[in-house]
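Participant: I am attaching a structure below and will ask some questions about it afterwards.
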């Protein structure tokens, strides 16, 4: 256990900043405009699409670290240099979470970064248009009989006729955060609609015991890989059901996750580990822990399931202590790495969970994990040109790759773990800029209600979605009500009013508390009954829905 003083926290934060800038400056000096840095040979390579991916992914981290001037410089640079109208085959999933998510987050942080804003921001802006442009390039992948998307799309020509219809579960179910944000900021419902259609199609394919497999044929709806678990190929699907429910105040998404969670707890959980099982039978197929599963305790903490989250985290932390990192696969019965899966590409998931659990519990165990991670990455992975993926945790061989998520996620979550008063945590005091005005005439309050991180750790502000999609509607509703109050009620109006009080059509009763045949007359101005979302408390914060 550690009991850090404020000085200790500041010291560690400065070390994490140094880690970021060593990697970031190495990328700029040696790899830009390529997607990623190769830290052993001090050069760059394109990996996910040829759009300076590391710079897009790291942009909001600059703001998290407080570097407004570099944020402004890079935001302008990206607008001048990045073009999505290119003949490149790109991963639909990776482009969404890294590029669309990164640009949306940077757009929503632009005001805090001191950038010159367009009138009506956050409902307009150059970074938002870039995000929309990138997302439009992904839409052809969703033009399938089921609505579930292909895994790869050519940014210039759409889906190749030879493209495989087999994709992973996460590749189908990891769009609702970015696409709903786009729709509600821009007013174009297309993005949210295709994301929801894909989610509902995937929901219908679950097995009789309530599980989904790992890879599915998105045309025939047949499961190609029938291993069910919470790790690689599935992970962010579950994450987006929970975070989508919070950000959009969406009961449908929450109910989907809760039903999955019951099956996951029944069939895959053993001694607070989560194994892989056959999706139809529930029999164990792979008794392994994957490093990607380490997001799960953090997700459980968002729902208030702290006891299980803490125990599972301790299991995962024990693996970290054994190796100084999380191997991609770890055999639970053998207590050791799995052949050819001994690497650690500097993934963020266990640090992410530590951040959430420290926020939820205040237990300094999670700060100790952060300290361990900081020391381990510095000792094992640091090179003169950045930080390299660990090829083998047993002998600390390195791989010539620094994935963009190292700067987007790993460093960001480490920094936020040691900065409990950061604005992304809702920190700050009144008057020091922890909230800001937005929308036409500055009528919206932004940044004061908490942020939702996408699966690439790009923070999204739910208040901005409300500002652009609901505020105008609310204003119009209020205008209509006041107008109706100011008009005299004539005979025809009274007749139509009496018809309105007869209640909604069958099957559309507006209150489950109404008895059969009972009529309800809503007053012109009323306070709605408390909706489910007002009772949905996340870490002490209560979110209310559109009513």
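Heads up, the Cβ atoms here are built off N, Cα and C, so glycines get one too.
Any TrEMBL annotation is an automated prediction that lacks curation.
Among the features that TrEMBL reports, active site, proton donor is placed at 94, 328. The active site annotation in TrEMBL covers 235, 349. Summarising the annotation, TrEMBL assigns Ca(2+) binding site to 455. Summarising the annotation, TrEMBL assigns region 'Disordered' to 487-526. Feature annotation from TrEMBL assigns compositional bias 'Basic and acidic residues' to 490-502.
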Participant: Return the residues near residue 349 (active site) by Cβ distance under 8 Å, restricted to its own chain and a separation of at least 6 in sequence.
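Facilitator: The list for residue 349 (active site) reads 291, 292, 293, 294, 295, 298, 326, given in order along the sequence.
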Participant: Which of the recorded positions 235, 328, 455 has its Cα nearest to the Cα of residue 94 (active site, proton donor)?
Facilitator: 455
Participant: Where's the emptiest Cβ shell within 10 Å among the active-site residues 94, 235?
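Facilitator: Across 94, 235, these active-site residues, the one with fewest Cβ atoms within 10 Å is 94.
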Participant: Counting every protein chain present, what is the number of Cβ atoms, excluding its own, within 10 Å of the Cβ of residue 328 (active site, proton donor)?
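Facilitator: Residue 328 (active site, proton donor) is surrounded by 21 other Cβ atoms within 10 Å.
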Participant: May I ask for the distance between residue 235 (active site) and residue 455 (Ca(2+) binding site), taken between their Cα atoms and rounded to an integer number of Å?
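Facilitator: Pair distance, Cα basis, whole Å: 9 Å.
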Participant: Using Cβ atoms only, which residues of the same chain lie under 8 Å from residue 455 (Ca(2+) binding site) while being at least 6 residues apart in sequence?
Facilitator: 97, 101, 174, 177, 235, 236, 239, 240
